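Enquirer: One structure follows; several queries about it will come next.
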């Protein structure tokens, strides 16, 4: 009889930023522009790394996979975010919502594993360069990348399956811009205790362990950098590692604050602000921090663009101008220290 008295929700309504109605147009322009930068930056990284033989090293292999991942990760979230801003709310079916949740967890977990692997690669390159070429052989790099992707695939299944098994009998309005775990559990009319505990333990296993491994790598890097006799060498290495660590801390910190915390919910507005950091801000910063501030990458970018200019004539020159313009957009929007430390 209980199931007869419950109406099953077949569709959710994403409210997005409806509390900021007067800012909807401006927010749409900002997020659309950021999405364009993320797509452009990551596509440029993939193309340049693939075409330049000098960048076929473990660091750039991992970076290429991270860029490919970021394209899909942001495309899972941002287009629907833009839709909520255009229509002041967006309907999404139950199955589409669960699918979005799965891909969000899948790509997010994969990024955690890749960031930990990249930090370990940096540790080997700086602290143990003689062992780096052996421990980071191409076949080892391929296995590490495959493990990261496969572990991410598996990580996404359990939360999505458990959320799909919950009862949703109304209301169907999700006060968020995508189908995230906390607002979905708040809407459920069945007990979510087991689901909360499983997601809490899974979040600790993925987020906290990967973050600790990443921090340990950077602690060893810092201790090694302090022994560099040259002040300019220390400053350059600290600048690079500090930028990497800052972005990693933003990503893990906001993720942990959202998913590794007591069951007492935060306000929807705070949830949305925190979510913007790990779904939009860090994917925007990653191409800048990991590549556009890297001298080898910039030289390779010039080489690839000159070669394309020779092949495609005026179209190549047009692409080069777009790339140069995009470069300055990145530097202005991301407010990084490139102008002071390593100018073009």
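Cβ coordinates are placed from backbone N, Cα and C, and glycine is handled just like the others.
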Enquirer: Pick from 293-311, 312-330: which range has transmembrane segment per TrEMBL?
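Expert: Checked against TrEMBL: transmembrane segment maps to 312-330.
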Enquirer: Using TrEMBL as the reference, determine which range in 172-196, 197-221 is annotated transmembrane segment.
Expert: 197-221
Enquirer: Write down the single range among 71-89, 223-241 that appears in TrEMBL as transmembrane segment.
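Expert: My reading of TrEMBL: the transmembrane segment range is 71-89.
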Enquirer: Residues of the same chain, at least six outside the transmembrane segment (140-158), with any C-beta under 8 angstroms of its C-beta?
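Expert: Sequence-remote neighbours of the transmembrane segment (140-158) are 58, 61-62, 65, 102-111, 113-114, 117, 198, 202, 206.
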Enquirer: Would the transmembrane segment (273-292) and the transmembrane segment (197-221) count as touching if the test is at least 3 Cβ pairs under 8 Å, pairs 6 or more apart?
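Expert: As far as Cβ distances go (cut-off 8 Å, pairs 6 or more apart), the transmembrane segment (273-292) and the transmembrane segment (197-221) do not touch.
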Enquirer: For the transmembrane segment (26-50), which stretch among 71-89, 197-221, 242-261 has the most Cβ pairs under 8 A?
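Expert: So the stretch in question is 71-89.
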Enquirer: Most CB pairs under 8 Å with the transmembrane segment (101-120): which of 71-89, 197-221, 242-261?
Expert: 197-221
